[in-house]
Amino acid sequence: MNKELVILKISGASLKGKNDIIDLDFLREIGRQIKVLSNNYKVAIVLGGGNIWRGNIAKEIGMQRYKADQMGMLATVMNSLALQSLLTNINVKSRIFSTIEMEKIADSYIIRNLEESLNNNEIAILSCGTGRPYFTTDTGVAVSAAELGASYIMMGKNNVDGVYDSDPNKNPNAKFYKHLTYSKAIELGLEVMDITAATICKQSNIKTIVFKMNEKNGILNAFENKSKFTLVSEDEKDLDAFKFGIKNIKNNSEKSSNNWDNKVIDIKTIKEENSLNIDDIFENSIEELQKLKEDDIQKNQKKLNEIIKSFYQDNKE
């Protein structure tokens, strides 16, 4: 089955430890979740550099903006090297790509090389943003998502679980948005991403999931609908379609009872009692499900039940 591409944006601020530039426990937690996510998706990672370099320091010492931005780009390379080392230690293959030439450290950001790496089930770690000053890492994420045809951008935030109309840590009455269009976010000036990045995502029909990064299983919980998050896209119906993701089908199947009409078949029971390759069943079933209307959740679940039931009964006989 052809895997969809997900680009995960991790802010530098979320990486920072109390006394060190990187919280190693948090980095290990990220690596573990990336490994799980890569079983079902192609994964590219973009790391910020805010744990190492902040723009306010540049202002205090009178540094020119372009030099400050270049330091920020180099900080993303340092974080990328740390993440790559951790992934290697847990047997996850990865490659670092840089939009600035540094051949002894990273591969050049060339689309065909990136696509080859992703197709070989490697994690692509993207560093240096767009490679140009005056552009944020958010814009770099959006450009990469558009160039590579990503389905989702996962925008991990520090200490906030989605998009609000004001800072929820300061305003207990802040309004939370479960779904938001890029147009509305730009109009209201909400801090989802910068205007350039939002415009690129809007034009390229890329969906963005904004979630709380610094909590256990933050990435997986957001992608499996087990935690609070905001989905940003141009169609509100995307929220229903997202709720019926592939991983969600599998999770629901493992938890439900064996009732063909109303519930999804209990996969664990079948797997224990028979020698069927359940993973193959799901792969074939999901390909058929993707041909159906994504917004008709109940119909899709019923169809999945019928496919698995038929396969199960044929093999049991």
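Placement of Cβ uses the backbone N, Cα and C atoms for every residue, glycine included.
Because the structure is a prediction, the values reported are computed rather than measured.
Around Asp167 (ATP binding site), a 10 Å sphere centred on its CB holds 11 further CB atoms from the protein chains shown. The ATP binding site feature in Swiss-Prot is assigned to Lys9, Ile10, Ser11, Gly12, Gly50, Arg54, Asn158, Tyr164, Asp167; the stated evidence is sequence analysis.
Look at Swiss-Prot and you will find Gly49, Asp69, Thr130, Gly131, Arg132, Pro133, Tyr134, Phe135, Thr136, Thr137 tagged as UMP binding site, backed by sequence analysis. Same-chain residues at least 6 positions away in sequence with a Cβ under 8 Å from that of Gly49 (UMP binding site) are, in sequence order, Gly12, Gly72, Met73, Leu74, Ala75, Thr76, Met78, Asn79, Thr137.
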DSSP three-state assignment for Lys9 (ATP binding site): strand
Any further residue of that chain within 8 Å (Cβ to the Cβ centroid of Gly49, Asp69, Thr130, Gly131, Arg132, Pro133, Tyr134, Phe135, Thr136, Thr137) of the recorded UMP site: Gly72, Met73, Cys128, Gly129, Thr139, Gly140
Residue from Gly50, Asn158, Asp167 whose C-alpha is spatially nearest that of Thr136 (UMP binding site), among the binding-site residues: Gly50
Sparsest-packed of the listed binding-site residues (Ser11, Thr130, Arg132) - C-beta count within 10 angstroms: Arg132
Secondary-structure category, per DSSP, in which Thr136 (UMP binding site) falls: coil
